[in-house]
Amino acid sequence: MREVPKQTVMAIKSYQNQAQLLVKNYLFADPFIPYTSILGGILACKVAYDLTQLISNFYSKTYPGLTKIQRVEWNNRGISTVHAIFISALSLYLVFWSNLFSDELAGLLVFRSSPLSTFGLGVSVGYFVSDLAMILWLYPSLGGIEYVIHHSLSGIAVAYSMFTGEAQLYTYMVLISEVTTPEINIRWYLDTAGMKRSTAYLINGIVIFLAWLVARVLLFGYMFYHVYLHYTQVIKMHIFGYILVFGVPAVLATMNLMWFGKIIKGVLKTLAKRQ
């Protein structure tokens, strides 16, 4: 086997070093993180959509028989599932396991941020922009006005927190609620595949009920309690951020309670049919 010339090796290393400097000094430099992360989030949505389509064509017996709009929704739910797994895992880490928002650290926690926390919010902004665009493009096939309101409010609040660095803790508390999205999507997949009477459908319904109760009802209550305990810090935020901290979670919490009522009715109805 021929040896690679020393000059070639040195040239390759030089290009690698230049690429690393480009990524470090520009793509992941603090001032550019919001923009690169949003772009990354949009590109990730495109990749997730195409991969869902590709995998489903090969491994799903249901997918080939779907209508065009059903295939779009099927692929779109693949996007939301990937985003939900990413952002809920990151949110749980930043809120409960990292010390970024710890009361033991000096400084006001409502103004704390890090390159990682800003990057995560940017990816979510990219997702909300992409998903909202698809919802509006195919309205109301992918969701009604409640989805437009949900994505619009969420996108604005997340973008504000990302660009200003304010209230990132509370933004991530709300984003933990995305942990329920994969279960909701699985429910839709099972229904579309004609498995509404299966045991998997019933178990998934119970998991949705429990996850929704914890992540979209109790956790929101905890968030409001946390805001109350740290109100002297919250009041120091910009008026727009102050309004978002109270307004957006309040609207989302109301919508969550309305949907939770429907989930309870659905679980009870399913259990009644199986008796």
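Keep in mind that glycine also has a Cβ here, set from the backbone N, Cα and C atoms.
Annotated in TrEMBL:
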type     : residues : note
DOMAIN   : 69-272   : domain 'TLC'
TRANSMEM : 78-96    : transmembrane segment
TRANSMEM : 116-138  : transmembrane segment
TRANSMEM : 202-227  : transmembrane segment
TRANSMEM : 239-260  : transmembrane segment
Worksheet item: Is the transmembrane segment (202-227) packed against any residues at least 6 beyond its ends, judged by a Cβ distance under 8 Å, and which are they?
Response: 169-170, 173-174, 176-177, 179-180, 183-184, 186-187, 190, 234, 245-246, 249, 252-253, 256-257, 259-260, 263-264, 266-267, 270-271, 274
Response to the item:
Averaging pLDDT over all residues of the domain 'TLC' (69-272) gives 94
